[in-house]
């Protein structure tokens with residue numbers, strides 16, 4: 001086995017209940033996460049990402065398959081015997097302990113001598129910039145500060161893998177952006193493998209080294225943010241990551257004919273049959289009538305830097321174009337224009 | 001300019017308006033206590049009641065007794081042993097109700113929300129039943145020909161009935177049964193507020209089950225433990241019916257001993273002095289308890 005693998009999940013499945021009432025939370029997931037990697041499990045709620053995380057933490061035991069941590073089988077190891085720590089969505093800070101006692105809890109339970117605990121706590125609190133709050137109680141801190149305490153508490157025992165269960169979901173947008181770069185910095189500084197669970201695709205794209213997209217208990221695609229965005233494996237991934245237009249088409253003569261009768265020259269993996277074209281809004285440009293596919297503007301949304309135009313094609317399908325606001329003349333609703341389509345992903349229908 | 005005087009008159013009005021409540025409080029709460037305290041420093045009447053003469057005899061007799069013939073003074077061992085038994089049995093009752101009450105409260109708090117009301121109702125049913133009837137029911141269970149002994153003898157585990165009734169054990173069983181709801185309810189309230197994610201957090205941070213109990217669960221539900229302990233310990237200390245019915249005439253607790261002074265003993269000053277002592281013991285234990293628990297808090 002590759003010694004650079006931190007977590008290796010093989011055919012992990014989790015089924016709740018038995019018989020007719022059985023619910024499959026996790027299908028048959030296989031995944032290798034490299035040491036020192038910032039790995040994100042991304043998917044809508046109920047997709048099994050948290051279940052997978054809880055299996056790695058040890059709070060759930062998979063009903064099938066195995067999980068290895070640095071080569072050791074930990075499938076049935078209890079959480080308190082795994083060198084893995086979790087940052088909980090609700091933080092789960094101990095309300096009766098001070099910030100320093102919270103952060104030192106894991107080390108104390110590991111039986112580290114008191115002076116070593118004190119030193120580690122001071123070091124980790126400095127890392128998350130909370131030195132002056134050491135003697136406060138969690139309920140005296142703001143949400144963002146509590147978040148940092150939860151992080152510090154999970155980092156203090158220096159786990160091999162840090163698990164983060166949607167830790168930023170309770171923060172407001174500004175704080176969330178701040179914590180995103182903070183997390184990235186902490187991960188680089190400590191070199192610890194981070195496994196991050198989120199349903200926020202933007203968060204996943206900005207922070208991760210690699211992303212695993214999940215849906216309905218299955219892992220659909222694993223790749224770098226760039227790969228996932230530019231080369232989605234299927235319609236679900238394309239739709240979930242960023243905004244995407246879908247146009248149905250048929251393959252004929254190595255080209256794709258869409259509903260309007262227009263023919264697009266795109267790179268094809270298949271030679272015949274029905275396909276779905278995934279087109280990012282920024283790949284759609286608006287051109288004068290006659291120089292592209294005929295379209296009519298049905299809606300405009302000014303977004304600051306960009307303007308989003310919703311356009312209706314002749315066959316009734318809609319397509320969204322994202323255009324830089326300052327470089328184009330504003331189009332109005334009802335304007336007859338034409339569109340030109342740049343890069344297109346062809347997906348099997 | 002008129003604001004200060006307006007405020008003052010509002011304050012005076014406030015006092016005037018609360019006068020009825022204050023009078024009632026003084027008469028109803030402090031009045032009887034003052035009467036008890038006053039009786040304790042008077043001379044005992046010929047048959048009962050008190051003579052309105054100042055005397056320290058009542059307080060003296062709490063701890064000491066005089067020989068009938070030569071008037072030599074010695075420690076009243078009987079009184080002390082009754083006090084000691086009361087404290088001992090009350091502490092034991094508190095411990096028993098805690099060890100039975102915590103799992104019970106935990107069980108209820110972890111049921112689905114829809115069935116919790118049902119379980120709480122079951123816990124409170126004994127409250128709606130007369131104490132005397134409940135105590136006699138316990139008697140029916142533990143007496144020599146009772147349910148427990150009959151069952152044990154039928155099953156061949158014992159050949160002779162075990163004498164439980166009229167022992168300290170009987171009193172303990174009775175008090176634990178009677179006061180259990182008073183422990184369960186505050187514990188339930190505390191466990192219900194407990195965030196079960198904290199157990200996962202502790203488990204994740206290398207704590208064993210025992211450490212999670214000691215370092216996470218118990219410190220957080222401590223207010224419930226303190227409330228339950230006070231609610232059980234104080235009435236246990238002054239219990240009257242339970243030791244009277246289940247303990248028989250010999251295994252008295254302070255409550256019975258005080259009643260004796262106002263009844264057969266015909267020594268009201270001693271009874272009043274004993275009552276005051278009981279009140280002081282309760283107050284002191286309350287203060288000690290809160291001090292100890294708040295100091296624990298700082299230790300973490």
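Each Cβ is built from the backbone N, Cα and C atoms, and glycine gets one as well.
TrEMBL does not curate its annotations; it predicts them automatically.
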_Correct range for transmembrane segment (source TrEMBL, candidates B:148-169, B:170-191)_ = B:170-191
*Quick one: which of B:212-234, B:235-257 does TrEMBL have down as transmembrane segment?*
B:212-234
*Sort out the residues at least 6 away from either end of the transmembrane segment (B:212-234), same chain, that have Cβ-Cβ distances under 8 Å to it, and list them.*
90-91, 93-94, 97-98, 101, 105, 179, 182-191, 194, 198-199, 201-203, 282, 285-286, 289-290, 293, 296-297, 300
*Using a Cβ-Cβ cut-off of under 8 Å, list the residues of the same chain that are 6+ residues beyond the ends of the transmembrane segment (B:268-289) and lie near it.*
33, 36-45, 48-50, 55, 57-59, 61-62, 79, 83, 87, 226, 229-230, 233-234, 237-238, 254, 257-262
*asked:* Under 8 Å between C-beta atoms and at least six residues away from its ends: which parts of the chain pack against the transmembrane segment (B:21-42)?
replied: 50-56, 58-59, 268-269, 271-273, 275-276, 279
*asked:* Can you tell me which parts of the same chain pack against the transmembrane segment (B:170-191), counting only residues 6+ beyond its ends and a CB-CB cutoff under 8 A?
replied: 89-90, 92-94, 96-98, 100-102, 104-106, 108-109, 120, 123-124, 126-127, 131, 134-135, 138-139, 142, 164, 220-225, 227-229, 231-232, 235-236, 239, 242-243, 245-247, 251, 253
